[in-house]
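Pulled from TrEMBL:
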- 126-150: transmembrane segment (TRANSMEM)
- 214-236: transmembrane segment (TRANSMEM)
- 256-277: transmembrane segment (TRANSMEM)
- 284-301: transmembrane segment (TRANSMEM)
- 313-337: transmembrane segment (TRANSMEM)
- 386-408: transmembrane segment (TRANSMEM)
- 428-447: transmembrane segment (TRANSMEM)
- 499-520: transmembrane segment (TRANSMEM)
- 532-553: transmembrane segment (TRANSMEM)
- 573-598: transmembrane segment (TRANSMEM)
- 658-722: domain 'CBS' (DOMAIN)
- 755-814: domain 'CBS' (DOMAIN)
- 815-866: region 'Disordered' (REGION)
- 847-856: compositional bias 'Acidic residues' (COMPBIAS)
Amino acid sequence: MESEQLFHRGYYRNSYNSITSASSDEELLDGAGVIMDFQTSEDDNLLDGDTAVGTHYTMTNGGSINSSTHLLDLLDEPIPGVGTYDDFHTIDWVREKCKDRERHRRINSKKKESAWEMTKSLYDAWSGWLVVTLTGLASGALAGLIDIAADWMTDLKEGICLSALWYNHEQCCWGSNETTFEERDKCPQWKTWAELIIGQAEGPGSYIMNYIMYIFWALSFAFLAVSLVKVFAPYACGSGIPEIKTILSGFIIRGYLGKWTLMIKTITLVLAVASGLSLGKEGPLVHVACCCGNIFSYLFPKYSTNEAKKREVLSAASAAGVSVAFGAPIGGVLFSLEEVSYYFPLKTLWRSFFAALVAAFVLRSINPFGNSRLVLFYVEYHTPWYLFELFPFILLGVFGGLWGAFFIRANIAWCRRRKSTKFGKYPVLEVIIVAAITAVIAFPNPYTRLNTSELIKELFTDCGPLESSSLCDYRNDMNASKIVDDIPDRPAGVGVYSAIWQLCLALIFKIIMTVFTFGIKVPSGLFIPSMAIGAIAGRIVGIAVEQLAYYHHDWFIFKEWCEVGADCITPGLYAMVGAAACLGGVTRMTVSLVVIVFELTGGLEYIVPLMAAVMTSKWVGDAFGREGIYEAHIRLNGYPFLDAKEEFTHTTLAADVMRPRRNDPPLAVLTQDNMTVDDIENMINETSYNGFPVIMSKESQRLVGFALRRDLTIAIESARKKQEGIVGSSRVCFAQHTPSLPAESPRPLKLRSILDMSPFTVTDHTPMEIVVDIFRKLGLRQCLVTHNGIVLGIITKKNILEHLEQLKQHVEPLTPPWHYNKKRYPPSYGPDGKPRPRFNNVQLNPVDEEREETEEEVHLLNSTTL
């Protein structure tokens, strides 16, 4: 996956010596501060010339003219770079929402001043609808292009249309008058490679030549796809949904939704699907749609300058992606809400619905499959389901849950092995090997040779008088006068039994190859392979139940519904239920999955079987592990993602998680008015923390606010460039009023406006379940831990993720003692459960039980090294 890219770009670096080498939330103390303008009227009065105690100093400016002037606040004008984020960092949702509210208030206050301001206000109000409209248009157009190109290149492995090279097999034979009912896919215009190369249409030589050409084209497409990904856009590999979930939670991965990624993913997705690998294009279409949303958001300042607002567009884009992938606009909206979105307000719901609508309309206008449908495997059933069928439906749900649990464990184990061995260093070779094995095994079996979407279509389709598939080779005993849609159950013929054996082999092949295919360095979706596995199992079960009902129609479970000559069982319905169950077992989706499959069938009466199977698969899968495949890959790649579905049931406290711990360096803090520029720069260079708490003084250690490392660096550099008199010995002031300075002192630097005056704080006795909820629901990057207003430490998103991982491995005891891990910071209470004494900011640590109590260990909070 993308962890190699994160490593090379600094995600796992251990050094942070300058702002240009900023890496990530993973290794920093992740104290990215909130940048808000909290200037009070007193500050404004100072700039206006009002006097205040302690605000005058004498200085010489540009010569011998002595003047008494007020402190200049350098940050009245925005400084480029302040308030932005580095790559592989987490955004501050609270700050971004405050910025958006301030922008909205400013626009509303000016809209009555002139017609131009009113126009700007209307443009701002409609920009959200405009960006989702453009996203829907682009997503639908690209999905139609991908569908058409993938179908043509898939058929290119078998032959070519001489009358029109751009036609696929089906389109080539549309206008032919020489096709027969039994061999409707054969026409003179379509030539196989054996006919073109050796001039034989039948026989062993023809079979071998077609076999060789099939493998050749499969390897060519796979090699071209992985080469394009490796050279031009490494982020174009994989499904993209785990990264989309992480980005929507607030994480920044520069380039993952860029134009190069969009272009290469669109091209290589066609190549990967055409190569015959056990993957689908539906998952990557969500990534493609989000790329479109991200690119179009830069056209509107409302979204380009606000990371939180941009993620609202990405949520709508993911809905459009699922809409065009399955032809399910409502299911796409629910997928965005249930599976990928972290913040989903009501306004985003409406815009997601509109984006899905526009995307589906564009795809329907293109009509890529020529059937006036949005998907290839749209089906309609005409037979109702009966109560006794709930039992096989639930069995399919059990199978889906078991398959999901097996696939998640096997695929994660293989991906972890790929990362830890030399095999992962050769992605091109891996793709070639997997493609070669897939092509060699897939060609002899007609059900594995088919495009996976066409396979699902054939498995979903109900048998009628116009079907010539082997799955419909029943012994026909019905009268010719029977209605087409009311064909009774019939005994299976030789073709059906042969097809069942081929489907069993195809099921084993798909299960094994999907485990090794998902995660290779080409665009690879999981929806279609999982649905194919479930559809194969469901069709086999459906045929078995159908034959059981035919030969034993006098059994009490069949007697009431399955009379002789009645159309009782629909095997295609079982295939559909099995597909939903297996996809639900892998992804753990419920509501959105049922709606997506319901929109595929066009019938309301099959919702109950779908719900029963999907819920059963989720329950069975959760019995082996609550993580879906996307959450498992997020954890495997080390992305900072707090899953809202995961419950926190332990009884640890904030003091057990905060940093610093016992053997860690003391907490680095800034004082509000007695540090110089050199002091701050030395602290930045000597530490790797991403932010610093600001306290009143080393004596009181009362919390004043929080300053972001990046903003400190940018503000100091900007002050030295724009203002004379700022030197290394200049006093830095975060306070509202500057203390009195000697006349010969250099010009002070006031940085109050980059200070977060209201950082989130908790006490050291706050339960961690409350802290985790705060991080999840407010999207925090860090939270300060205090005791009676005195700063003790800090908790970051990384600390919480590490703590959750430790608790998974150490269930008992729920709250281990402080000496359980030597690096744990001691809690604020002693081994007897009573609070430890405090004497003038000196905290007494409990004595190690294994040593004699010869002396007390003293932990100084106000270390002189700060």
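In case you wondered, yes, glycine gets a Cβ from its N, Cα and C as well.
Where the annotation comes from TrEMBL, it is an automatic prediction and has not been curated.
Counting only same-chain residues 6+ beyond the ends of the transmembrane segment (313-337), those with a CB under 8 A from a CB of the stretch are 128, 131-132, 135-136, 139-140, 143-144, 244, 247-248, 257, 281-283, 285-290, 292-294, 296-297, 303, 343-344, 348-349, 351-360, 362-363, 373-375, 378, 527, 589, 591-593, 595-596, 598-600. Away from its own ends, the transmembrane segment (428-447) comes close to residues 211, 214-215, 218-219, 221-223, 225-227, 230, 275-278, 418, 455, 458, 499, 502-503, 505-506, 509, 513, 516-517, 520-522, 536 of its chain (Cβ-Cβ under 8 Å, at least six residues beyond either end). When Cβ-Cβ distances below 8 Å are used as the criterion, the transmembrane segment (256-277) is approached by residues 2, 142, 145-146, 149-150, 153-154, 156-157, 214, 217-219, 221-222, 224-226, 228-229, 232-233, 235-236, 240, 243, 247, 284-285, 287-288, 290-295, 314, 434-435, 438-439, 442, 449, 451, 513, 517, 520, 522-524 of the same chain, each at least six residues removed from its ends.
The transmembrane segment (126-150) shares more Cβ pairs under 8 Å with 284-301 than with any other stretch in the list 214-236, 284-301, 386-408, 499-520. Within its own chain, the transmembrane segment (284-301) is flanked in space by residues 127, 130-132, 134-135, 138-139, 142-143, 146, 239-241, 243-244, 247, 257-259, 261-262, 265-266, 269, 310, 313-314, 316-318, 320-322, 324-325, 340, 359, 523-525, which lie at least six positions past its ends and keep a Cβ under 8 Å from the stretch. Sorting each residue of the domain 'CBS' (755-814) by its DSSP state yields 24 helix, 19 strand, 17 coil. Among residues of the same chain six or more beyond the transmembrane segment (386-408), those with a C-beta under 8 A of the stretch's C-beta atoms are 511, 514-515, 530, 533-534, 537-538, 541-542, 545, 557-558, 561, 568-569, 574, 577-578, 580-588, 609, 612-625, 627-629, 632.
For the transmembrane segment (499-520), the list of distant contacts is 1, 226, 237-239, 277-279, 403, 407, 410-411, 414-415, 418, 427, 430-431, 434, 437-438, 441-442, 445-448, 455, 469-471, 473, 526, 529-530, 532-533, 536-537, 539-540, 543, 629, 633: same-chain residues at least six beyond its ends, Cβ to Cβ under 8 Å. Taken together, the residues in the domain 'CBS' (755-814) have a mean pLDDT of 84 on the 0 to 100 scale.
Secondary structure counts, DSSP: the domain 'CBS' (658-722) has 24 helix, 17 strand, 24 coil.
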